[in-house]
Amino acid sequence: MASWGLKSCSEEESSSISRSSIQEARQSRLISRQHGVSKHSVSPRRIDPGDRFIPNRSAMDFDMAFYLLTQTRKEKEKAAALASHPGQTYGKLLAERLLPNRNRILAFQARPPASSSTAEETREISRSADRMLLIPEMADDYYLNVLDWGSRNILSIALGRTVHLWNGTGGSTLEMMMAEDDLGAAASVSWAPDGRYLALGLNGSDVQLWDTDSQRLLRTLRGVHRSRVGSLSWSNHTLTTGGKDGKVVNKDVRIRSHVVHSYRGHRGEVCGLRWSGSGRRLASGGDDNLVHIWDLRRASTATAPRTSQGPWIHRFDKHASAVKALAWCPFQSNLLASGGGGNDRCIKLWNTENGTCLDSVDTGSQVCSLLWSKKEKELLSSHGFGQNQLTLWKYPSFRKIIDLTGHSSRVLCTAVSPDGCTVASVSGDETLRFWNVFGSPETTRRSPPKPPPDLEPFSSFSRIR
């Protein structure tokens, strides 16, 4: 009986061992199938000890997880309503970037690091001019505005008593007019918005209006200023002139009695004028270190002259030298940039709604002109009494992007092409240079219209003389 009992115990033990062996074999086959291991494999593949169903503790925020688990129903409804609001999109994206995995209770893997490919792409800008023309008899006078680029891609430049036109499409030149001795030299030029009519301000106080298609003088506007007219600016059919006598005058060129309003506020020569893009506000800069902002709605619409002693909206007196450089921002209508002369050397940004100075940067040299880019948030300034350079700034950080050098004297005036890409500059070194500053024209954009047939004969000229 004892031997039988011992034999019986061995059979139970062997059957238990065989069952456990079968289970282990089944588990090993199941594991090998899950990991793709064949029974004929000589060296099995390494198995990752991790499991996709086990949370990664290092990637979890336990405080946030506890809050999400204990959040009440009303709090969830309020959070859902805020998340669905259109204005919360930016906040949601910012939270996902700064607070990863904070919207989930369990995190199974850490988020990959942010890609570095989101850095700002920079375009290549040549430091040298693309083209140069010689312009003899160029007056080295800070207070003159002798360069302008019209909407028909025709560049006008005043050289002494003569005014020249340069065709931006074909590169040809034409001497359009020569002022008589008693009228004096041309002190300013400005294209009308249609690109056909050109206004000239003369040293003898007259203002002339020319038809460039027929090269014919249409009319002469007299009896307004007592000395030279060094600044001009158009707003539709209204031509505004600024003189050495400190007067700013609006002229409606369609009517016989052309003076519609006269502003008085400057005690020195008006050397800078710019209408805003909307045509409602006018900025004027003078030799008295002042900048005035005028509102067209405060001006008289009557045909008879009317003088206002102080109708300006704002008077800015933060510059320490003459203010010639003025530029309205094309993408922010109430933003004006102004630049001061040799004793100031600063570019200032103004909010013309409330009259506050938003920013100021010392450029280290005289600021002669300012141009905003039509494509990027950038500002171009031209300088003198230093490197005689053009400087491109990033807005709103005022980070210097590049200096463009080549002129050997101060860069007096600049103008931008109709496509917003090329900038022309004139200097006291008697050169006219063209710079590819603001990029290349878009291929989908229409090419500028060709000049009228009357301007084609001047293709025989290769230089301005």
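The backbone N, Cα and C atoms fix where each Cβ goes, and this holds for glycine too.
Automated prediction, rather than curation, is the source of TrEMBL annotations.
Residues annotated as region 'Disordered' in TrEMBL: 1-53 (among others).
The compositional bias 'Low complexity' feature in TrEMBL is assigned to 15-25.
Here TrEMBL flags 135-435 as domain 'CDC20/Fizzy WD40'.
Long-range neighbours of the repeat 'WD' (179-220) within the same chain, counting only residues 6 or more positions beyond its ends whose Cβ lies under 8 Å from a Cβ of the stretch, are 139, 144-154, 156-158, 160-163, 165, 226-234, 236, 239, 241, 243, 251, 253, 452, 454-455. According to TrEMBL, the repeat 'WD' annotation covers 179-220 (among others).
Here TrEMBL flags 263-304 (among others) as repeat 'WD'. Mean pLDDT, taken over the repeat 'WD' (263-304), works out to 86 on the 0 to 100 scale.
Secondary structure of the repeat 'WD' (404-437) per DSSP, as helix, strand and coil residue counts: 0 helix, 19 strand, 15 coil. Per TrEMBL, the feature repeat 'WD' maps to 404-437 (among others).
Residues or ranges marked as region 'Disordered' by TrEMBL: 441-465 (among others).
Summarised by DSSP class, the composition of the repeat 'WD' (263-304) is 3 helix, 19 strand, 20 coil.
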